[in-house]
């Protein structure tokens, strides 16, 4: 489901949010009634002054003052309620999008980068807020004004009241059609913005290469090209919206002039009534103009939201059913049964691969580059799907495992160790609850992370590690992930060059601690180091994607 209207509806219909929006509409109704009543009361005061009715004039002044105070109070109430509603919509819409992203499989993120995701979420959140504020509030306010104004005009001049309603309805229909036709070009502009953001994010991510190769001028020109495309797309969309705005205002001006001339000709009975009708016509002109602008804005944001939802493949979030805890205790064996794998339009990497991994065994996958070592590890991790054959864990097919099952079954440590921009403790205990500080500290010191303790002092576990953990060395990041795996103590541990940044002495101490703490864990490692054979690992040599 990527229907933007359904997305907005789901955000708005939340209990407390929905009630506050209805409260805002009620306040808008009182505000509109108070505003429209003012020209009526002014006409009444002018009429009574002409007749020298002092008491009636005083009563009219009191009611006029009350109407003005009420309109001011209701305007303040609407602003306060809307501010609360918009902030809730900001949080709720972002949460819904992030919840959707966190439910995506890993392969979904391969074609995306951080910049495009952040830009998409921000654009969608802004679109929802604008649609609710510009759409619902502005249109409801205009509706109240037009209805109240039509009633007053109809009471004084029935024919003019009928014509007033017909003209307002015709204008709204025209504004709707024009706004809908022009806003379709907004989708191209949104895509151009996302592309530009993605390009800038990619350049910043590789800024070391840009500076090291003195390619700043090239990247500036490249960014300029993307920005030119973005500007052209927005200029085209804006030109159509400006044209529609001109047509709408021209129609409104014509209707307003005809209305005023006809009212002047009819007289409405007296000068006071003519003044009242003139003011009502002026207010209606402003409100109808607001309707046109609001419709343009709503459709513009609607297409922006639709583009983002399609790009994020938004479909809501379905909770996975709780599975039986088949991996909670005991060692787990793995059967790789006649597995074939190749990348799209690539040569086969794994050909009829059959391996049986015994529970609590230690295995080292070796072989020349390009023989499928890392691909095999990704298949075991569920991040790649073989074209043929299957993998079974404790007799259960890998395809039958839910995300929750996999998280209970295995820990995975990649070569490129990345950490959250949180504390050392939070990274080491990620996915766990209530792990004693003393236990974590003892484990990290056993993994030879004394430098962090010396540098940060007594509260070193609370020290931050920086974005992606870049405040730490590669070896320190790897050891924190190894500490996490030890604390998780899952039945299967997959290591992809997980100690590549460690010197031989530190690596030996780390592996010894790993094996002591996880005696019942099946360990499968990819490494070019000779340590594995010395640590009792069984070697699985891949040659041309198969076992020799």
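Cβ from N, Cα, C; glycine included.
Automatic prediction, not curation, is the source of TrEMBL annotations.
Listed by sequence, the residues of this chain that lie at least six past the ends of the transmembrane segment (21-45) yet keep a Cβ under 8 A from its Cβ atoms are 12, 56-57, 60-61, 63-64, 67-68, 70-71, 74-75, 77-78, 81-82, 85, 132, 136-137, 140-141, 144-145, 148-149, 152, 272-273, 275-276, 279-280, 283. Per TrEMBL, transmembrane segment is recorded for 21-45 (among others).
Feature annotation from TrEMBL assigns domain 'ABC transmembrane type-1' to 22-261.
Among the features that TrEMBL reports, transmembrane segment is placed at 57-79 (among others).
Sequence annotations record features per position, and here TrEMBL assigns transmembrane segment to 138-155 (among others). Long-range contacts of the transmembrane segment (138-155) within the same chain: residues 25, 28-29, 31-33, 35-36, 39-40, 161-162, 164-165, 168, 276-277, 280, 283-284, 287-288, 290-291, 293-295, each at least 6 residues beyond the stretch ends and with a Cβ under 8 Å from a Cβ of the stretch.
Here the transmembrane segment (161-179) has Cβ contacts under 8 Å with residues 146, 149-151, 153-155, 241, 244, 247-248, 251-252, 255, 259, 284, 288, 291-292, 295-296, 298-299 of the same chain, all six or more residues outside its ends. Among the features that TrEMBL reports, transmembrane segment is placed at 161-179 (among others).
The transmembrane segment annotation in TrEMBL covers 246-265 (among others). Note on the transmembrane segment (246-265): residues 157, 160, 163-164, 167, 171, 174-175, 178, 274, 277-278, 281-282, 285, 288-289, 292 of its chain, located 6 or more positions outside it, place their CB under 8 angstroms from a CB of the stretch.
Under the heading domain 'ABC transporter', TrEMBL lists 334-548.
Restricting the average to the domain 'ABC transporter' (334-548) gives a pLDDT of 87.
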